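What TrEMBL annotates here:
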DOMAIN    38-496  domain 'Oligosaccharyl transferase STT3 N-terminal'
DOMAIN    595-704  domain 'STT3/PglB/AglB core'
TRANSMEM  6-26  transmembrane segment
TRANSMEM  126-146  transmembrane segment
TRANSMEM  153-170  transmembrane segment
TRANSMEM  176-195  transmembrane segment
TRANSMEM  207-227  transmembrane segment
TRANSMEM  233-252  transmembrane segment
TRANSMEM  349-375  transmembrane segment
TRANSMEM  428-445  transmembrane segment
TRANSMEM  451-470  transmembrane segment
TRANSMEM  482-500  transmembrane segment
TRANSMEM  506-533  transmembrane segment
TRANSMEM  545-564  transmembrane segment
Amino acid sequence: MDKSKILAITKSLVIILIILGLAFLIRFDAHNLYDGLNAEQKAYFTDDTGLPYFSEMDSYYNLRMTQDFLDHGHFGDEIVNGTPWDSLSYAPEGRSAVYPPMIAYVTSFLHYLAEYFGEGMSIKEVAFFASTIIAPLCAIPAFIFVRRSTNDYGGIAAALLLVFSPNYFAHTFAGFFDTDMFTLIFPLLIVIFFIESIRTDKLAYRILFAILTVVSLGLFSLSWIGYMFYGAILVAAIVAFIILSFIFKVKLFSPFKEYSNKLQWFVNQRELFSIVLIAIVGLGVLTYFHGFDSVIESITGLFGSVNIQSSLSTVIDYPNVLISVGELQIPNFLDGGTTYAPFLASNNAVVNGVGGIIPFLAALAFVFFIMLRLYKLRVVKSLKLDKKPPKAQRKFKVNKSSNSFVNDFFNEKLGSIKEILKIKRIDLMYLSLFGAWILLAGFATTQGSRFIQMLVIPVTLCTGLFVGYATNYIKEKVDNNYLLWIVAVISVFLIALPLINLKLPIIGLLAPLQLLIIAAVVLIIITALIFSTKSDSKLTVAKKFAVVLVLTLAFVVPSVASAYNVSQNIVPGTSDPMWNSMTWVDKNEPNQTSIASWWDFGYVFELAGNRETVFDGGTQDTPRAFWIGKALTEDNDTLSAGILKMISTSGDVGLDFLDNYTNNTGQTVKILEDTLGTSKENAKSILMNKYKIPEPKTNEILNYSHPDKPRNVIFVMSSDMIGKSYWWSYFGSWDFDAKNSTGYRYMQAYSEKPLQGAGNTTIKYDASPNDPTAYVVRTHVSKGSANNSTNVSVDVAYKNDSKIILQNNNTTYDPIKLQRVIIIQDGMLMKNETVNKSGEYTIYLMDFNGSMMSLIMDSKLENSMFTKLYFLSGFGQDSFEFVDTNKTGGEVFLWRVKNSTNTATNT
């Protein structure tokens, strides 16, 4: 190996290490949490070991499954009929714990390494930082792939765009422990190995790369349930490859007569050989890992995934809670929040999610240039080796139009026909693969923002290739100083945009004026280099280096800045009140206890509380969404308690039994609504007399709906449920006849306000604190000297307290029409007055020693169980008893359902 190759390899290794280090450090820094939190607030979001809580609730499920794997070699806490089973989820039945195991394999291995080197890290600590180690690795194949075709600049651009792509980074920083860490590295390896299996000349290497393609697909199938999407991309690319070969006159298959036998012919057909080998071996590997039926289900599941949005809106029986999942909401194509928003990287839109409009357009330009070059070279069809002189030695004579910007851009001199045919096959593979991938992934984004990640790889690789060829073009072909200067000015501008108001280490907050000064200095230096009158070859190299450097940075800085900004604003998904309340449950409540609440914190209940949970993130698409929502929205406390006792004790058995009898889910729900809130004797009478159900069937229904020994149930009320009230009330108020519902909201002031002056104050609710143009809801309070002399009014205004005037009729915007005013002073009900029967909102004004707190809500929530148990300390109900943990800080309240079995002892 000569010195130049050694130097090139060494330089590439150094670049890769720098990129890995940067990707790791920015992700790792997320564990320091949001800079705006003081030390006391940060302690509030860290556990008793000093480790921050995880940022997302699925992390706790993954951690518990990993712990199960380490403890007894499989996911879940037991094996039921040969299937790993999770008895803590979906109480009391439990559910299958079959789950992609790669996250447990990798985390266990990292834990082993930590113990081997004496670090003494717990599995929880390893899980917390696992993404910071695994996620950056995708930069390595991205850099190598693009660097091989272009140069270091292209490789750097591709690697940084990929590893800091907003959607990917937002799921792979410290404290985010999920399978997303694998969703770029394995697909990237699949595609690169697939390309190499076709591209390479030697048969042994083609077989090796085909096998590596299958191995990568197999490993990915153990990492993420959506792995088959990338198999579909390969199939689509192959189909496109064959079709486009006719359009661009690329001859794929040689005649049989040129080979002694069919096997020799088959082996020498690169694309066909690799495709068949990958298909056969791949099916065998996937069948070995998952079973043939599971593989077929994964394939057929792809067809269902194209209709996710329509399936969300289609209701058969119970409402589909998945319509409330943020990642399944359809994203905007482009962020239009501000004038320069399209140029930024963010999770706000599809284009921004892949790095902004500049990388996106560059990727499309690269695909277009590939297509254009193929079109120009379509006249070169085949290589005739039986002619004289040998065609492989002949030069292809291009016309003037062929020797155009496109060929200059790719910086490849058209040599022999054999070389041109090779270029055509590679270009056709790129066009087929990246074109099919961008189209399929683009369609996938119409099914939810979750799928933006599928678009990241093709866009970033194409952008990296574009940057590589563009920088080569500038270095080799552009000598016009004014053109170089224009490129530099635009690039510096694009670099500066995402840095506005970004808080950097040492430097601090980059205000627009500071940034303008820095940009001006950089431009002055580059301008001096470009327009220097010295005729020095080194100076020419320097000025072009400066231009291509800022050009490369213009592509990658938005993504890096976005990632850095995210890492500086991390606030964990849970805190001490929730965690401490669950550890209290673990230590004090009977083993046969079920925990009930809205689904978001279900995984925390199972891990920290170590108790069965009736509703969690893995059981959203079940009848529990309606029944738990009903228990929260209902104003009848006995009905709410009855729902919880039935679900926690008999699960879905009673629902299914009654459904099978009525053949009408709406009727089933109506029957249970009529009976769950009353005694077993009254319920029997209702079932037999009102619904004419025979006594044997009635008795069996009652065994499920009114169990003799209902389980102990802890009903959790937490502050996060205030903001989520729209969804739990939406599902809890579901109309089974209309197949629709309405959600209701709370508007709670974020801080108390003391009375000012002669007993007056204004309390504000800000629905959009980060939007200066949004409005606030103002509660005006005036209090006289006499008892019961407090008056309340509500209006809506801009944040500067100016009235909102409607342009169509010049009237004041007033959407909050109060129906009822309820005032509670020092724990005593002082006023409960209907002020407008046609109003739609109720206001609770809590007066604690002259300090006022306002709570406005849809009147439908006025007597809901959540209102009573969270805001009113249980006032107005007698079916739940408060569990005083003395550790929840007023944000989490635990209530025990009365008359449930609470005699077991904790072991």
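Placed from the backbone N, Cα and C atoms, the Cβ positions cover glycine too.
Curation does not apply to TrEMBL; its annotations are automatic.
Here the structure is a predicted model, which means the values were calculated and not measured.
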Is it the case that the transmembrane segment (349-375) and the transmembrane segment (207-227) touch, counting contact as three or more CB pairs under 8 Å in which the residues of each pair are 6 or more positions apart? no
Over the domain 'Oligosaccharyl transferase STT3 N-terminal' (38-496), what is the model's mean pLDDT? 87
With Cβ-Cβ distances below 8 Å as the criterion, list the same-chain residues six or more beyond the ends of the transmembrane segment (126-146) that contact it, or say none. 12, 15-16, 19-20, 23-24, 27-28, 31, 51-52, 54, 59, 62-63, 66, 103, 106-107, 110-111, 114, 154-160, 162-163, 168-169, 171-178, 180-182, 184-185, 188-189, 192, 460-461, 464-465, 468
Sort out the residues at least 6 away from either end of the transmembrane segment (482-500), same chain, that have Cβ-Cβ distances under 8 Å to it, and list them. 340, 343-345, 358, 474, 510, 512, 515-516, 518-519, 522-523, 526-527, 530-531, 543-544, 546-547, 550-551, 553-554, 557-558, 561-562
Taking the transmembrane segment (233-252) as reference, which of 6-26, 176-195, 428-445, 545-564 has the most Cβ pairs under 8 angstroms? 428-445
I'd like to know if the transmembrane segment (545-564) touches the transmembrane segment (428-445) in this structure, counting it as a touch only when three or more C-beta pairs sit under 8 Å and are separated by 6 or more positions. no
Restricting to the same chain and to residues at least six past its boundaries, which positions have a Cβ under 8 Å from a Cβ of the transmembrane segment (6-26)? 132-133, 135-137, 139-140, 143-144, 147, 152, 155-156, 159-160, 163-164, 173, 560, 563-564, 567
Could you tell me whether the transmembrane segment (207-227) and the transmembrane segment (451-470) have 3+ CB pairs under 8 A, leaving out pairs under 6 positions apart? no
By Cβ distance under 8 Å, which residues at least 6 away from the ends of the transmembrane segment (153-170) in the same chain are close to it? 12, 15-16, 19, 22-23, 26-27, 135-136, 138-140, 142-147, 176, 180, 183-184, 188, 345-347, 352-355, 359, 449, 452-453, 456-457, 459-461, 463-469, 471, 548-549, 551-552, 555-556, 559-560, 562-563, 566
Spatial neighbours of the transmembrane segment (176-195) not adjacent in sequence (6+ beyond its ends, CB under 8 Å) are 54-56, 58-59, 62-63, 100, 102-103, 107, 127-128, 130-131, 134-135, 137-138, 141-142, 145, 162, 165, 168, 170, 209-210, 212-213, 216-217, 219-220, 223-224, 227, 230, 233-234, 274, 278, 429, 433, 437, 453, 456-457
Taking a Cβ cut-off under 8 Å, which residues six or more beyond the ends of the transmembrane segment (207-227) line up next to it in the same chain? 100-103, 105, 179, 182-183, 186-187, 189-190, 193-194, 196-197, 200, 274, 277-278, 281-282, 285-286, 289-290, 298, 305
By DSSP, how many residues in the domain 'STT3/PglB/AglB core' (595-704) are helix, how many strand, and how many coil? 77 helix, 4 strand, 29 coil
